[in-house]
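According to Swiss-Prot:
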type: DOMAIN; residues: 67-102; note: domain 'EF-hand'
type: BINDING; residues: 80, 82, 84, 91; note: Ca(2+) binding site
type: CARBOHYD; residues: 135; note: N-linked glycosylation site
type: DOMAIN; residues: 136-204; note: domain 'SAM'
type: TRANSMEM; residues: 219-235; note: transmembrane segment
type: REGION; residues: 483-562; note: region 'Disordered'
type: MOD_RES; residues: 523; note: phosphoserine
type: MOD_RES; residues: 609; note: phosphoserine
type: MOD_RES; residues: 621; note: phosphoserine
type: MOD_RES; residues: 640; note: phosphoserine
type: MOD_RES; residues: 650; note: phosphoserine
type: MOD_RES; residues: 661; note: phosphoserine
type: MOD_RES; residues: 665; note: phosphoserine
type: MOD_RES; residues: 680; note: phosphoserine
type: REGION; residues: 685-746; note: region 'Disordered'
type: MOD_RES; residues: 697; note: phosphoserine
type: COMPBIAS; residues: 723-732; note: compositional bias 'Basic and acidic residues'
């Protein structure tokens, strides 16, 4: 009875007199009391009529409905702040935002109130009874727990306690006894989460998932693909840039190695030049010693000759003649040995200066190529340093990867490397070629007096002027060799001083002074006029004067070469030049098959040069040369700056060959003054024999050591007239020695 009275009193006060943790016991006790004493309950029926569960519509008959009603009353009290029995719009909005922690409560608020602005407990109960959540089964509740609450670990506890939709209001009010003791949820955060989710479905109905947005999925997929593709592209570009940079660094290292090898090669070049200078000094010392010996032999011969001339007795004169003859024989043997050591013919001294000038011009072109290669190297280094600086910044790697600067720098490095390689190959080939030329010729080419001195000495007597371009280093010949061959007139016709030469010297130098081509064709009459001084008839051994040609200006296609100020107006064609050349050569050929000079003439004539064997036998001439002939020969030799020196057989040299002429091996070739260049360094022969050192000209040494008064007497002994060559008089060695002996004895 006491418990029943308490229930009635609690119902009058809104069922809040009994604590929540005792409500289960009260319900259980009231049910037991009602079952045990139905008579008492029947006696108190007016009191039960005031129970709110029975007064509600629809009424609550079961225990679960009672628990649900109590939970709804608790929720209504929490939302009703002013305790007026109704939930206004402001109160529900504040509860949704603060207690349920919803930021956007518009949809929830409209779903809760609908058209009713004042919600009472009866309205809340009716909505709960008609709600879909109220009719949830155990499976629906478990699905809600797993999918929406996301607490699948409590599925077993819900299943054991048979939690259905009608039990959710008890979870929404957070009964500790029910949540902890029955559902066994010990985690506070899980209890709070479960309470908020249960309160949501009790007040606002079941949660509905929004429709699946395929556009978002597509956009997300495309974004993922783009992101992955961008990452892959960035990775590949970074890898490619690193490979490019590594390759560039490797090329730069190889470039530095090539530069170092070039420096080493230049050091070797300097050492080789120093060795060449030392060899030249030693060579000069040997030549000086040989000249001393020759001068001593000449003095001894002169002394014996003076003794022979001053002797009165025939016997003493014969003895002196025999001694002199012995000296001549010794000198002749020595000359023959030297002639055997030398090649078949000698080259004039002017070729040495022309080769030295060619070497200096080639060195200047090499220096220009070297400067260009060094400039390319500096540019490549600067670009590589810029790339390094760019890669050190934050966005430098991406900038370098997406730009074409790496390819450009790589191309510049390869170009600089190629230029250095070509420069090194050119330097090696040039060094080897000029060393071989020096070995074959037997004189210095790389070590010379310099380009200004060579230019002034070789172009001092010329009437045409060469003006180089500004961009090219100063050198006398602005065009190539082919340009000079085609544009310049024949050298013989340009200089009138060469026409006053004796026929012997003319014939000897005609093959060297002949031009390869003619520029302007001429008529037969001027050609015959030009043939006369170059190919003299045997009946006219000397021509004192020559036809004069009117100088005219010759236009040149090369802007670097100025017009010729004085040159003949008409030039010979190739046929007439060949006729002059062969007519001049035939004067040197003597039809004597038994002599040694015949074989030499046949081999030397094929090489387009005068026979050198006549130099040896010029000393054995039975005829004396007068002072007028010697002076005429010297004057003609001084007037011609381009022809070969005629003093091959010096009066004081006793048949020695001229020491300033070049020595060529049989394998060497000379094509009209142009040095043939080898196509490949591998084809160059490294076994070319080194010629003997040259000797200074005997005639020059004799002129320095002897007074001027002794020249006629010496010439009478050792010189041969040019008429011997023109008339074809030639004999063997024994006959010449005997005739010399007879003449001298007289």
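Residue numbers in this text run from 1 along the chain shown.
Placed from the backbone N, Cα and C atoms, the Cβ positions cover glycine too.
Everything Swiss-Prot records as a feature, shown here on the structure.
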residue	record	DSSP (3 states)
80	Ca(2+) binding site	coil
91	Ca(2+) binding site	helix
135	N-linked glycosylation site	helix
Could you put numbers on the helix, strand and coil content of the domain 'EF-hand' (67-102), residue by residue per DSSP?
24 helix, 1 strand, 11 coil
From the centroid of the CB atoms of 80, 82, 84, 91, the recorded Ca(2+) site, which same-chain residues not already listed sit within 8 A by their CB, in sequence order?
79, 81, 83, 85, 86, 87, 88
Of all the binding-site residues given, 82, 84, 91, which residue's CB has the most CB neighbours within 10 A?
91
Chain-internal residues near the residue listed as 'N-linked glycosylation site', provided their CB is under 8 angstroms and they sit 6+ positions away:
165
